[in-house]
Amino acid sequence: MPAHREKNSEERNHKNIQNDTQASQVQWGRAWEVDWFSLASILFLLMFAPLIVYYFIMSCDQYQCSLTDPLIDLLMGNKHLSDIWNKTPTLTYTAAGIYIIWVAFQVILYMFVPDFCHKFLPGYVGGVQEGAVTPAGVVNKYEINGLQAWIITHVLWFANAYYFHWFSPTIIFDNWIPLLWCANILGYVVSTFAMIKGYFFPTNAKDCKFTGNFFYDYMMGIEFNPRIGKWFDFKLFFNGRPGIVAWTLINLSYAAKQQELYGQVTNSMILVNVLQGIYVLDFFWNEAWYLKTIDICHDHFGWYLGWGDCVWLPYLYTLQGLYLVYHPVQLSTASAIGVLMLGLIGYYVFRTTNHQKDLFRRTNGNCRIWGKKPEYIECSYMSVDGTKYYSKLMTSGFWGWARHFNYTGDLMGSLAYCLACGFEHILPYFYIIYMTILLTHRCIRDEHRCFSKYGKDWKLYTAAVPYRLIPGVF
Ligand code: NDP
């Protein structure tokens, strides 16, 4: 457990020693007051994020993935918006059928197939697991069975592609824009439902936050952990499936399309499939650990997560594969090895950093990091009911190099996917640009939250580890 409730006299002494930090620790969680910048960003995203996704996918469909040609066409008067819109495939019954079956299948795997992977895979943590303490002091239980859902889905996918032939493995690519409309419908329905639920029948009223600003509440969410019944957890389901299970299937569909169009799959497509496949598998292998990440521990469930998981993630995180269908880049052996090494080193840094924190928190510091007992800063915080908790911030291992070295590894891996696509177009580089903005913003957001949570103790930590992402630079 990451935190320990105050129970014994030793802890009470500790409380006295740290009393002076309490004043700054009463507010923990998402901001109650919405500043103008947050509101402007939220309105911008609500209005433009769906258009951005459409623009990227449309530019591949109609302009061979050029991001500038549609704009030039419009500015020069060669085309009107209506010409582009009229050429865009509409929602079809086929796509609606595929999407409903897909989501229903993932719901069945999530709700009705208890995890069996943890029974035979050594080291894998699955089955019923506990999340972190919420601001209201609740500890939720989760059925961790994402790895199993991923395996079953992919076994069926390969069985179909090589044996049953019920549908073409290019099915996702072939219906990509009609499926976009389905994903949008689900994203908006889920986010709107979550908002209504937060007002009228929240799972835990004490863990709801109302800022009074409709747009902020819709975007960032009201309920912390909305659930239907005891087990259907919105955050865990929508974060992982259908988006992340689909990620690798989407890439496989792109590879199948390359095979169909050009009679071969390029080494760049294989690299993108392998490197992103490792990332996705890592996510499911560590799904229990994921319960302790910001998305589950700190974010409320609104449009940001609901729509983002249904639309933004599957459509924009897979742009490299989509690009390679239109531009089948074959890298030289040296470039391919370079991209592979960058991707693997990035993954190693990402995983090791996350593992170090997880080990440290699970053992309450009684572990070894790089062969030594870890160093840390003791800290304390309070939940809304006034209970005081104690925690530790590690200053050893990669956590002594920078405060978010896990993000640095993530960014190295992200850059590798983009480099696999060569340098002809900017579109595949969207991912590294977006991840840099996302993770830098996340860093700042997380540090703001940690400061409100730990107060002076957090300041001690930032003095001990002064850099965020790159030691000596930022
Ligand atoms: P972290 O795993 O870095 O978690 C941050 C939290 O860890 C802090 O809020 C704090 O929580 C605790 N913490 C901070 N410093 C320390 C320390 N020195 N010692 C111990 N605990 C500490 O962040 P995320 O949850 O954002 O990210 C998890 C992973 O997911 C990252 O590797 C990230 O790259 C990846 N990610 C990927 C995304 C994608 O779209 N591909 C999006 C977002 C994340 P506490 O309150 O418990 O103290």
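Glycine is treated like the rest: Cβ placed from N, Cα and C.
As recorded in TrEMBL, the features of this protein are as follows:
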type     : residues : note
TRANSMEM : 36-57    : transmembrane segment
TRANSMEM : 91-113   : transmembrane segment
TRANSMEM : 147-164  : transmembrane segment
TRANSMEM : 176-196  : transmembrane segment
TRANSMEM : 301-319  : transmembrane segment
TRANSMEM : 331-350  : transmembrane segment
TRANSMEM : 414-439  : transmembrane segment
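Beyond the transmembrane segment (414-439), the same-chain residues lying 6 or more positions past its ends with a Cβ under 8 Å from any Cβ of the stretch are 56, 59-60, 65-67, 268, 271-272, 275-276, 316-317, 319-320, 323-324, 327, 329, 331, 335-336, 338-340, 342-343, 346, 404, 407, 469. Note on the transmembrane segment (91-113): residues 143, 145, 148-149, 152-153, 171, 175, 178-179, 181-183, 186, 231-232, 237, 241-242, 245-246 of its chain, located 6 or more positions outside it, place their CB under 8 angstroms from a CB of the stretch. Proximity of the transmembrane segment (36-57) to the transmembrane segment (301-319) is established through 3 or more Cβ-Cβ distances under 8 Å for residue pairs spaced 6 or more apart.
Counting residues 6+ beyond its ends, the transmembrane segment (301-319) has Cβ neighbours under 8 Å at 45-46, 49-50, 53, 56-57, 180, 183-184, 186-188, 190-191, 194-195, 217-226, 234-235, 238-239, 242-244, 246-247, 250-251, 254, 276, 295, 427-428, 430-431, 434 in the same chain.
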